[in-house]
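Per Swiss-Prot, the feature Zn(2+) binding site maps to His564, His568, Cys676, His680.
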Amino acid sequence: MSGVNEIRSTFLDYFRKEGHEVVASSPLVPRNDPTLMFTNAGMVQFKNVFTGLEKRSYSRATTAQKSVRAGGKHNDLDNVGYTARHLTFFEMLGNFSFGDYFKERAIELAWNLITKEFGLKKDKLLVTVYHTDDEAAGFWKKIAGFSDDRIIRIATSDNFWAMGDTGPCGPCSEIFIDRGEHVWGGPPGSPEEDGDRFLEFWNLVFMQYEQVTKEERIDLPRPSIDTGMGLERMASILQGVESVFETDLFRHLIDAASSALGRAPDAETVASYRVIADHLRSSSFLVADGVLPSNEGRGYVLRRIMRRAMRHAQLLGANEPLMWKLVPALVREMGQAYPELLRGEQLVTETLKLEETRFRKTLVRGLGLLSEATETLHAGDMLDGETAFKLYDTYGFPLDLTQDALRQRNISVDLAGFTNAMEQQKAEARKHWTGSGEAATETVWFSVREQTGATEFLGYETEQAEGLIQALVKDGKTVDSAGKGDAVAVVVNQTPFYGESGGQMGDTGIISGEGFSIEISDTQKKADGLFVHLGKVASGTVKTGAAVELKVDHARRTRLRANHSATHLIHEALREVLGTHVAQKGSLVAPERLRFDISHNKPISAEELEEVERMANEIVVQNSPVTTRLMSVDDAIAEGAMALFGEKYGDEVRVVSMGTGLHGAKANRPYSVELCGGTHVRATGDIGLVRVVSDSAVAAGVRRIEALTGEAARKHLDEQDRRLKAAAATLKISPADVPARVEALLEERKKLEKDLTEARKKLALGGGAAAGAPSENETVAGVGFLGKAVSGVSPKDLKPLADAGKSSLGSGVVVFVGADEDNKASVVVAVTDDLVGRFSAVDLVRVASAALGGQGGGGRPDMAQAGGPDASKANDAIAAVKAALEAA
């Protein structure tokens, strides 16, 4: 029993038999400890159990915990490959007691495992205890039979563990093995303790106190146990090798790399092979746990790890991407213990291949430039910081790779000069920001961004997380605190809240901490990756540096996800129905509805909208998974992904795919593939239902589509159904007969309106004049004259009426004045052809308009029309025309 997988199983099985719950490893991205970049110990997932904030169904647990130490204060990255024991990824085996057994039982369990199960020799072992922990020393004597010289008392913090400035804490006891005189080093506490002869492999933490203040420490009512054993170190001990890289798991990974390169490791290349093997593990597990390479936060640390491995692959002669080819070997070694590695194998492979393909150009160019910049330098010299910064800023060559490349030549880098060059660039960027026309209040976010860095977004995987408040902004200025009722903007180191972008509205919810809560009404993105939570302090006083819990409004986020995913389906359906010229010109994804604007130069017919809706719902009922991948822009577009108008994309993009096409060229292919950074449903069925409710024009060649999903769509259909049933009840018919009945009524109305128009025409021509107006045709100034005020005749029907009047007169002048519901008048004057030489209809209609309180009018000499605000002056208008005829 000495293989890594066998050692892990033996450890977990041993503690299972001893009444411990075997708990799966938590993800590498901690959800309940915002102070950590990555999970780096087994106790991280039990933090709230130890502090009493969380209850579990068990009081004893054991785990094999995935851990990463790279970035932040826990950073082994630069040492990996050059020492026998440093790793960025390692497995921490541990057993835990939550107020169950304590010091004596913990020591007994550990001793029995390492001597009886693992078979370690007592005379090779020794332990350390905290210098005042006589109790632990006594138990080691009792259980292991150690003499005082095998129990070393340590007075430093190495043997006293604390969760923080306050909280649970207690002494430690570490177990060491003596690897023999052939290895340099001394026992713990000696001047030579940093050597490798005495190797610590298990740390037992006895949580028996609570640090109340800096000065006050009290006993815990229920002391607990937290232990951690490095699996890789234990494997090196049991397999009798000097380095963790010589254990079976690492040998297999190094063999896979050697086979792919066609080159066996030797003294000159062994460090590079070790770097590749270790970094393959950390990169793969981080990607499998949802971290993707980026230029900020965890993603940046992942990118550094990947690129450091890729640099060493290049040193070994790799002329094409190597890392992705090694993923199957890693899955064979560790996939059974960690199923998430199996599930994420494709994503891990694609991510590694993409990153290495993109980075090779940077690497080759950067190494060439570095060679030129250092051709006059020798061992012991220093590369100036300005040149190192230029390599980083202009050519994308990271500082740590510059240092790593020069390390082999014993050349250092002027880090102070590098930092100074970076600060100068920031000052220039800030000056440019201030002069860019942004509102003065917006510049505060640039300052905050400089101090805090970008916000880590967790919202693709979770709607709840913990964080630390890094900045508070009130009235456009940073403040240290804000009280109840204050409107405040909050910046946290990591957040599940989505910041408004890509048309999707920002999240709302609650941010709370000890003694305070903030109601978040919006989340926005500011200043290059800074997420700003806008809200009002609902209770207490909030201060910068406070630990907080962030909870997104789940119901609202659910509706936003459904609406955003529906825009993708509708967009693709529109392209299929209307043509590939359709492109999105803008969008709004709100919780209540969605709308987006598309390029299309004519109204969309009802039949076309019905087909769009049908096709979108066809994908909804598939309930197919919605997948996301990280790709280069060029690769994404080459695969058919749609890039949206007006959006800015970085070198890497998130590609969202959903549905399977059923018809034509899309058959059996992904239905919708778009570049998108928004939040989406897990499966298309989560959308529920898509209902297109309107199509309108917003600009030349641009149509606006509005739609509803899920419950909103169902309510819309319910309301339409209620209205249909109400109409049917009014008509005293069944709902199915309503369309035919309405069509018949419309035809009947059309006929009645036509009959009414004819009746009004006859009435106007045959009599019924208003009081004071002539009832028969007259002669004025020697010509025939017909003038009447008519009601119920629309302005557009006055001209046909005037034509009929001319025909009735044969020769003469006709005037008709109509009125609308607002008592505004319309007037038409017509002159028969034989009289247009004497009278102009345009001149006469202007006279009539003036009498009605209007002015102007226009038309032809034989027919003109005008209006006026006062229809009660209709008879005055007719009289004015008669007077004009007499005066002519």
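The backbone N, Cα and C atoms fix where each Cβ goes, glycine too.
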Check His680 (Zn(2+) binding site) against DSSP and tell me helix, strand or coil, would you?
coil
Taking the center of the Cβ atoms of His564, His568, Cys676, His680 at the recorded Zn(2+) site, which other residues in this chain have a Cβ no more than 8 Å from that point?
Ser565, Thr567, Val626, Val656, Met658, Glu674, Gly678, Thr679
For His564 (Zn(2+) binding site), what is the secondary structure by DSSP, using just helix, strand and coil?
helix
Which ones in the same chain are close to Cys676 (Zn(2+) binding site), with CB under 8 Å and 6+ residues apart in sequence?
Gly502, His564, His568, Arg654, Val655, Val656
